[in-house]
Amino acid sequence: MSLEQIIEQAFEKRAEYSPATMPQEVKDAVNSVLDQLDNGSLRVAEKKDGEWIVNQWAKKAVLLSFRLNDNYPMQTGEHVQFYDKVPTKFANWTEQQFVEAGVRVVPPAVARRGSFIAKGVVLMPSYTNIGAYVDEGAMIDTWATVGSCAQIGKNVHLSGGVGIGGVLEPLQANPTIIEDNCFIGARSEIVEGVIVEEGSVISMGVYIGQSTKIYDRETGEITYGRVPAGSVVVSGSLPSKDGSHSLYCAVIVKKVDAQTRSKTSINELLRLA
């Protein structure tokens, strides 16, 4: 059987498995998938012909991985230890591995095994969960979290305290995706498989899930689950039909192209909104 077939069949029986009862074939398959996710040769989601395709079987392998091991003590330095079942990505790395990978990891940043961190990425004190893919040149700023299986594009900036949702808790069908050259403002949350398309700017304190209304100020259109490429987005509200109250929404205040982005600072884009 192929790796995918082993994972698919095992996932149907996942409730039966524990570290003691999981067949060796399944353990080997799950570990193989985790290794490929860790080195970037496999992704939970990838863009093909302009559309994002989710490798659901890879996501299932991530879910199965939590039945591979019991919790065990993990020593970090002389006075700190953790108790978990998933090792950290950099636990046994040598200086040469860091040099070759071209990443910067600022203490106490944590990335779990099975996450991929590409060349030129800076991890400020932040958390990157299993199955996530962080592409070249991205900045994961202080106290930002990259959820399980989330996809972070090239040159993305996740500002301080940003939360990018994962697929594990609660269980989600599709990963959250932030495409290339996006800026996500401080304390914003993008969750539940929402896609923020290339070159978009999300202001500070914007919260977008699948049920969040995304209102385009220019067209009056309301959409869900996807921020169009080049959007500048701020938090706002829309009135109810009877005018008795207003409910939160995300507002697209303008669209910008790559040329405008290259000549204009993020603050200017938001101030001119």
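Glycine residues also receive a Cβ, built from the backbone N, Cα and C atoms like all the rest.
Features of the protein shown, as given by Swiss-Prot:
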- Arg104, Asp141: substrate binding site (BINDING)
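The Cβ of Arg104 (substrate binding site) has 14 other Cβ atoms within 10 Å, all protein chains considered.
Taking Cβ-Cβ distances under 8 Å and a sequence gap of 6 or more within the same chain, the neighbours of Asp141 (substrate binding site) are Met124, Ser126, His157, Leu158, Ser159, Gly160, Val162, Ala186.
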